């Protein structure tokens, strides 16, 4: 998932077809669309997911209302969307943030 970028630094490439790589791909959907305290267990599936950022960006850009996506509950996503109404592309924002992090950590 790393690609050489001009200048030789390594950045993670954005994966458009992320669903086939998702940690939850073999999880029963009913396990990710749960109420209350069960949401914390559902969010744990996302912890080591290699496409967590892509999943979250997709859910935020599409204003997905239900379920755990990218490690966030619907309530957490709604709150984030309310706090940042100026964001027109979560993919662009999260991709840039991840690239910046990788350059600094690299």
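Including glycine, each Cβ sits where the backbone N, Cα and C put it.
Heads up, TrEMBL stuff is auto-annotated, nobody curated it.
The domain '4Fe-4S Wbl-type' annotation in TrEMBL covers 23-79. DSSP states for the domain '4Fe-4S Wbl-type' (23-79), grouped as helix (H, G, I), strand (E, B) and coil, give 26 helix, 2 strand, 29 coil.
The number of other CB atoms found within 10 A of the CB of residue 24 ([4Fe-4S] cluster binding site), across every protein chain shown, is 20. Annotation source TrEMBL lists [4Fe-4S] cluster binding site at 24, 46, 49, 55.
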Average model confidence [pLDDT] within the domain '4Fe-4S Wbl-type' (23-79): 94
Check: same-chain CB within 8 A of [4Fe-4S] cluster site center, minus 24, 46, 49, 55: 22, 23, 45, 51, 52, 68, 69, 70, 71
Among 46, 49, 55, the most crowded of the binding-site residues [Cβ within 10 Å]: 55
